[in-house]
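S.K.: According to TrEMBL:
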type: DOMAIN; residues: 52-333; note: domain 'Putative adhesive'
type: DOMAIN; residues: 340-421; note: domain 'Phage tail tube protein C-terminal'
type: DOMAIN; residues: 426-510; note: domain 'Bacterial Ig'
type: DOMAIN; residues: 517-598; note: domain 'Phage tail tube protein C-terminal'
type: DOMAIN; residues: 603-686; note: domain 'Bacterial Ig'
type: REGION; residues: 485-514; note: region 'Disordered'
type: TRANSMEM; residues: 21-44; note: transmembrane segment
type: TRANSMEM; residues: 722-741; note: transmembrane segment
Amino acid sequence: MEMQKQKPPRKKNKIITKRKVLSATMSGTLLMTSVVIPTAYSLLSNQITAQAAALNIDLLQNITSSNNSGTSTTNRWTSNSGSHNVDFTISGGALANISVLPGTRYATLVVPPELRGYVAATGNTSVSTNITIDFNKVALITAIVNAGDTLISDIAPLLSSNPLVTLNLAQVTQQLNLLRGIQDIGGGTFTSTTTLSNENALLSAPLDDGVGHILSLNVKTILQNLETAVNNLNATGPGAIAVNAALTPLKLVLNGAIDDVLLPLTNGTGNILDLLLNVSALGDTTITIPTKITAPTTIQSDIDAKFVGSAVQTTLLDVNILSGANGISYVYLAGDVNLTLVAPTGDLTATTSAVGAADASATLPTTLKNSAGADIPVTSKITNASGTAVTNGQLTAGAYTVTYSATGYDDVTQSLVVSDPADTTAPSAPVVNDVTGNSTNGYTVTGAAEPGSTVTVKDKTGTPIGTGTAGETGDYSVTLPGSVGPNAPLTVTATDEAGNESAPTSATTPADPVSPVLVAPTGNLTATTSAVGSSDATATLPTTLKNSAGADISVTSKITNNSGIAVTNGQLSKGTYKVIYSASGYKDVTQNLVVSDPADTTAPEAPSVDTITGNTDTGYTVGGKGEPGSTITIKNPATGEVLGTTIVDKDGNYSIKLPMGVKPGTQLSATATDAAGNISDPTDFIIPVLTSGMAIGNSGDNMGGKYFSSGKLPATNGADTGWLGVIGTVILSLLGSLLFWRKNKKEDES
């Protein structure tokens with residue numbers, strides 16, 4: 001960092017003492033006064049201006065800078081073109097919110113690196129400025145104002161009681177008002193010695209002497225005018241003797257307060273001027289710094305030389321900070337030939353002495369070719385991935401950038417890759433010092449492992465559940481989730497940067513501390529709607545639950561549906577819900593709630609058996625109608641065997657394929673069962689001998705031309721049925737088949 005700590009001494013022939021550093025803030029409305037020292041300054045022609053970011057030490061705002069070099073991007077000085085007198089002009093206005101900064105005021109001009117050694121100061125810096133001062137912050141000035149106010153207030157009753165007395169206080173009042181609050185006390189011009197410093201990087205000129213001189217002249221004028229006005233106070237008219245007698249001590253006090261400031265200012269003694277400087281600020285200001293710039297004898301490429309001007313107050317002139325000021329102007333120089341440095345091809349490489357060591361040293365070239373093939377001496381700088389400069393010989397494994405620089409050339413770069421030697425040695429197994437925590441808050445595993453290694457904690461299945469990095473001293477801490485649980489077996493390993501993994505170290509999570517928990521209710525809660533499809537069920541919910549210690553705990557409850565959305569008790573429809581019980585200091589517990597519609601006790605109507613097709617070898621198919629959605633069951637009533645079931649479709653139709661082996665003449669029954677479990681009356685029917693194309697139609701209590709009847713028939717194979725019963729059943733089956741055939745034939749003929 002280029003900087004210079006400066007505090008130039010005051011000249012012996014000045015009356016201004018060395019100012020002390022104080023801080024204060026000045027703001028308010030400026031009361032304008034006449035300019036004591038006239039300001040006259042002409043801006044230069046052919047100005048070249050620009051702007052940059054403001055500094056927090058600026059004395060002015062909207063700072064601009066210009067110069068009269070006459071150069072531009074299309075009109076450049078050539079090399080070896082001799083010396084050029086160039087004036088740099090810095091301009092700015094008063095800050096919106098004035099802060100009195102510590103340190104000394106300076107005008108500064110930062111010389112660009114390309115021209116350092118080619119720029120010189122050719123005369124004093126000239127300054128034209130207006131000055132604002134906050135008199136309220138100077139106790140001695142406040143004492144003058146107070147003494148003046150006392151004089152005016154004390155003499156007022158005498159004047160009131162002596163109306164024929166004449167006393168003119170106008171001049172005293174006018175001068176006192178010039179010392180109240182924040183005042184623009186006028187402006188002036190002055191010069192200051194210009195100094196080139198910081199290895200030819202900075203031109204600066206102190207401003208405090210000149211500002212102090214203007215302050216001193218203006219304040220002395222106000223005080224002298226006030227003292228004259230006070231001395232001229234003389235009452236006239238009847239009763240004037242008493243008034244003048246009263247005025248005498250008041251005038252002495254006021255003149256004494258005036259002399260406390262005026263005499264030190266006049267004699268150059270005391271610190272009054274320092275106090276005034278500390279509470280003053282620059283207004284509109286123009287600064288001119290004269291220089292001489294000598295063009296270099298050779299210029300490798302075009303130079304846009306950026307000069308940065310500013311007016312600052314600081315204890316330390318830092319070139320790097322001042323380079324970011326607002327006032328920017330350029331001087332343009334032409335390169336002899338636009339030569340460029342040729343960047344090296346390929347990557348540089350280097351290797352450390354051991355894994356993790358920071359001692360790699362890269363061999364860097366000291367010259368590079370330019371585009372004309374000439375060897376150009378270069379300097380090099382190594383930076384890491386963050387752009388931070390690092391020292392060659394202290395490099396760790398990683399990727400770096402080498403930047404090569406040469407005067408008059410743009411920088412070029414080359415990549416540098418530093419590697420560690422191959423590492424095949426696994427770290428020692430980590431030490432586990434402690435495992436703390438619980439299943440609520442999670443767990444922490446602490447211990448020691450190889451510094452820089454990655455510590456991995458795995459569960460009993462070998463799944464990683466937490467990782468951490470051992471620090472420089474080897475200490476590590478790994479956080480595990482509470483879901484790992486108490487008394488869980490763990491293994492801990494350390495893996496180095498080369499990927500070598502250590503042997504595992506076993507550990508176990510601690511048992512959870514025993515503390516009361518909320519006991520979830522057993523069984524399901526139930527509630528019933530007022531009618532099928534209604535949403536008005538209300539569940540009776542407990543307001544207290546037991547904890548594991550047997551104490552009654554007040555709870556709040558929330559009902560959620562299967563989607564986890566909260567629902568309102570009293571507006572529940574049929575379904576399953578979850579009741580969540582909560583209590584302060586306890587984990588929530590839950591209970592299922594089952595809401596039902598009222599029971600359905602009405603059985604469906606008996607199904608019809610309308611068609612039977614098939615035979616005993618392939619099985620019979622029974623079709624008919626029943627209540628939509630009900631389950632049709634066909635049984636052998638003699639044995640209770642279920643031969644088939646199906647669901648009636650939405651149109652009321654059903655079809656059941658019976659198993660093979662059902663014999664013709666077998667008496668069967670069909671029933672319908674609804675969703676509530678209500679079973680209809682059975683419809684009995686007999687498997688016919690002939691079924692091809694057979695339609696049963698509506699079964700009734702008499703056959704009505706149909707084959708089957710829904711009337712009760714004797715069960716086949718019953719315990720009280722002999723061989724005559726069997727023969728009778730066969731005959732009835734044959735007779736039914738014959739009648740059915742004849743009936744169909746007649747219907748077909750008709």
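Cβ coordinates come from backbone N, Cα and C, glycine included.
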S.K.: What residues elsewhere in the chain lie close to the region 'Disordered' (485-514), defined as a C-beta under 8 angstroms and at least 6 residues from its ends?
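M.R.: That would be 355-356, 397, 420, 422-432, 435-440, 443, 445, 447, 449-450, 452-460, 462, 465, 470, 478.
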S.K.: So how many of the residues in the region 'Disordered' (485-514) end up helix, strand or coil by DSSP?
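M.R.: DSSP classes over the region 'Disordered' (485-514) add up to 0 helix, 12 strand, 18 coil.
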S.K.: Count up the helix, strand and coil residues in the domain 'Phage tail tube protein C-terminal' (517-598) according to DSSP, in that order.
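M.R.: Grouping H, G, I as helix and E, B as strand yields 0 helix, 40 strand, 42 coil.
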S.K.: What are the DSSP helix, strand and coil residue counts for the domain 'Phage tail tube protein C-terminal' (340-421)?
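M.R.: So the domain 'Phage tail tube protein C-terminal' (340-421) is made up of 0 helix, 37 strand, 45 coil.
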S.K.: Which residue counts does DSSP yield for the domain 'Bacterial Ig' (603-686) in the helix, strand and coil classes, in that order?
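M.R.: Summed over the domain 'Bacterial Ig' (603-686), the classes give 0 helix, 42 strand, 42 coil.
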